[in-house]
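Shown next, in structure tokens, is the structure this report addresses.
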Amino acid sequence: MKIILFLALITLATCELYHYQECVRGTTVLLKEPCSSGTYEGNSPFHPLADNKFALTCFSTQFAFACPDGVKHVYQLRARSVSPKLFIRQEEVQELYSPIFLIVAAIVFITLCFTLKRKTE
């Protein structure tokens, strides 16, 4: 029982918390620092901002902050190459040659042909 408690204590002491963020490739991501005096561990440059926030360019990358209390916050950014459909404005294109238009045009043409033929007779 003491061994299990000891292993649980070691596990809690070396705790890692994972944070996942999805973003559009090349945009700037605004994240909150987990602790004010943490140590940054990563190869992507980040820009510290006010209120314990930082900005990072979105690429598929992983970095971490090691807090003084021993907790390590691991961030995983997953970059998408296309923007979400929410921001894409799609306009409906009305084609001139839709089936309904062709049917109506054919009926009008046939009617005109018969009426002009009767007037000439």
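Including glycine, each Cβ sits where the backbone N, Cα and C put it.
Sequence annotations record features per position, and here Swiss-Prot assigns signal peptide to 1-15.
If you look up Swiss-Prot, you'll see 16-80 marked as region 'Ig-like fold'.
Looking only at the domain 'X4e' (16-81), the predicted model's pLDDT averages out at 80. Among the features that Swiss-Prot reports, domain 'X4e' is placed at 16-81.
All chains included, 19 other C-beta atoms sit within 10 angstroms of the C-beta of Cys58 (disulfide bond). Annotation source Swiss-Prot lists disulfide bond at Cys23-Cys58 (among others), citing experimental evidence.
Residue density at Cys67 (disulfide bond): 17 other Cβ atoms are found within 10 A of its Cβ, drawing on all protein chains shown. Cys67 (disulfide bond) falls within neither a helix nor a strand when secondary structure is assigned with DSSP, and so counts as coil. According to Swiss-Prot, the feature disulfide bond maps to Cys35-Cys67 (among others).
Look at Swiss-Prot and you will find 83-95 tagged as region 'Disordered', backed by a curator's inference.
According to Swiss-Prot, the transmembrane segment annotation covers 96-116, on the basis of sequence analysis.
Annotation source Swiss-Prot lists ubiquitin cross-link at Lys119, citing experimental evidence.
Taking each Cβ in turn and tallying the other Cβ atoms within 10 Å, the top scorer among the disulfide-bonded residues Cys23, Cys35 is Cys23.
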